[in-house]
Amino acid sequence: MAVSLNILIVALSLIAFSPLCLSSKAYGSGGYLFPQFYDHSCPKAQEIVQSIVAKAFAHDPRMPASLLRLHFHDCFVKGCDASILLDNSGTIISEKRSNPNRNSARGFEVIEEIKHALEQECPETVSCADILALAARDSTVITGGPSWEVPLGRRDARGASLSGSNNDIPAPNNTFQTILTKFKRQGLNLVDLVSLSGSHTIGNSRCTSFRQRLYNQSGNGKPDLTLNQYYASVLRKQCPRSGGDQNLFFLDLVTPFKFDNHYFKNLIMYKGLLSSDEVLFTKNRESKELVELYAENQEAFFEQFAKSMVKMGNISPLTGARGEIRRICRRVNHAAY
């Protein structure tokens with residue numbers, strides 16, 4: 001899928017919405033985040049991130065969803081500190097090995113390319129955690145979604161948490177209440193849960209993440225009856241009872257590469273791919289009403305998604321003297337040489 005790079009770069013500034021008026025300060029220990037953090041120390045930082053995200057999208061239309069997911073999986077584990085990017089080392093067990101990330105988290109090479117370009121432009125200045133936050137915003141915009149000002153000033157963790165990654169990130173088979181509890185632990189609420197789940201308007205999921213819905217949802221050998229049965233029959237052709245674990249399926253079967261509100265329209269038609277998607281419509285009255293609102297009103301979804309992304313990006317940032325500015329995102333500085 002070849003896309004003109006120049007058109008994509010222009011689109012970042014033109015698509016859908018201008019930056020929304022959101023609260024842009026997030027307080028953390030020793031300082032706070034604000035969008036102008038690099039205006040003097042690295043004024044081209046956001047331009048560099050945008051251009052490399054655009055180039056990555058031109059080569060791989062799946063990449064925006066992958067970059068969005070990296071930011072989400074980072075923030076839910078010890079806060080938005082780029083711990084997800086760290087490789088195994090003598091003292092670090094990488095989060096890349098966790099169940100939510102193994103064989104599915106991707107886009108690390110794009111983050112490293114951005115980091116390398118920023119190190120050339122302004123050495124040891126822009127954190128990997130901020131790169132993840134900016135890349136998530138730019139990935140949303142370039143696929144047709146809303147824009148927002150990204151509060152900046154995060155620093156990078158010197159460690160990772162494999163157990164946190166395994167336990168704190170919502171799983172495709174979690175119950176509605178378990179997913180909501182995991183969001184609330186991060187200071188997020190039900191509105192954030194529903195709006196941020198809307199990021200599944202782009203991207204793919206593996207057969208292994210929803211197979212139980214097709215064959216044995218409740219342990220009784222029967223499929224999930226909240227999944228449209230014709231849709232289920234189509235899915236079974238490429239997701240058999242055994243084998244094909246890594247086969248990919250669109251999370252939004254209608255407009256899989258466009259950031260829009262079709263994800264919510266699909267839920268109403270019982271065509272959410274993951275159980276964790278469909279339960280937003282079937283298991284809670286308040287979340288069902290939000291699904292219906294966003295399915296009807298894309299602008300309402302976009303506005304809330306932007307607000308919730310800022311809120312998620314503010315989870316427990318390292319600021320001030322805490323953490324470091326990694327020179328290479330996949331390893332801490334003392335291991336860089």
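Note: Cβ is positioned from N, Cα and C throughout, glycine not excepted.
Taking all protein chains in view, 22 other C-beta atoms sit within 10 angstroms of the C-beta of H73 (active site, proton acceptor). Feature annotation from TrEMBL assigns active site, proton acceptor to H73.
What TrEMBL records for D74, V77, G79, D81, S83, E95 is Ca(2+) 1 binding site. Using a 10 Å radius centred on the Cβ of V77 (Ca(2+) 1 binding site) and all shown protein chains, the other Cβ atoms total 28.
Marked as substrate binding site by TrEMBL: P170.
Spatially close to H200 (heme b binding site) yet at least six residues away along the chain are L251, D252, Y263, L273, L274, D277, judged by Cβ distances under 8 angstroms. The annotation heme b binding site is assigned in TrEMBL to H200.
Neighbour count (other Cβ atoms within 10 Å of the Cβ, all protein chains): 27 for D252 (Ca(2+) 2 binding site). Residues annotated as Ca(2+) 2 binding site in TrEMBL: T201, D252, T255, D260.
Here TrEMBL flags C42-C122 (among others) as disulfide bond.
Residue density at C75 (disulfide bond): 30 other Cβ atoms are found within 10 A of its Cβ, drawing on all protein chains shown. The disulfide bond feature in TrEMBL is assigned to C75-C80 (among others).
Sequence annotations record features per position, and here TrEMBL assigns disulfide bond to C128-C329 (among others). Sequence-distant neighbours of C128 (disulfide bond) (same chain, 6+ apart, CB under 8 A from its CB) are A82, L85, I111, K115, D156, R326, C329.
Residues annotated as disulfide bond in TrEMBL: C207-C239 (among others). Its Cβ taken as reference, C239 (disulfide bond) is surrounded by 22 other Cβ atoms within 10 Å in the chains shown.
Among the features that TrEMBL reports, domain 'Plant heme peroxidase family profile' is placed at 32-333. Mean pLDDT for the domain 'Plant heme peroxidase family profile' (32-333) in this predicted model: 97.
TrEMBL lists 1-23 with the feature signal peptide.
Positions annotated as site 'Transition state stabilizer' by TrEMBL: R69. Of all Cβ atoms in the shown protein chains, 24 besides its own fall within 10 Å of the Cβ of R69 (site 'Transition state stabilizer').
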Neighbour tally for C122 (disulfide bond), based on other Cβ positions within 10 Å of its Cβ | 15
Between D260 (Ca(2+) 2 binding site) and R69 (site 'Transition state stabilizer'), how far is it from one CA atom to the other, in Å?
-> 17
Around the recorded Ca(2+) 2 site (T201, D252, T255, D260), other residues with Cβ within 8 Å of the Cβ centre, ordered by sequence, are I202, V254, P256, K258, F259, N261, H262, Y263
T255 (Ca(2+) 2 binding site) has its Cβ surrounded, within 10 angstroms, by a count of other Cβ atoms equal to 18
Counting other CB atoms within 10 A of each CB, which of the binding-site residues D74, D81, E95, D260 comes out lowest?
-> D260
C-alpha of D81 (Ca(2+) 1 binding site) to C-alpha of C207 (disulfide bond): distance in Å?
-> 30
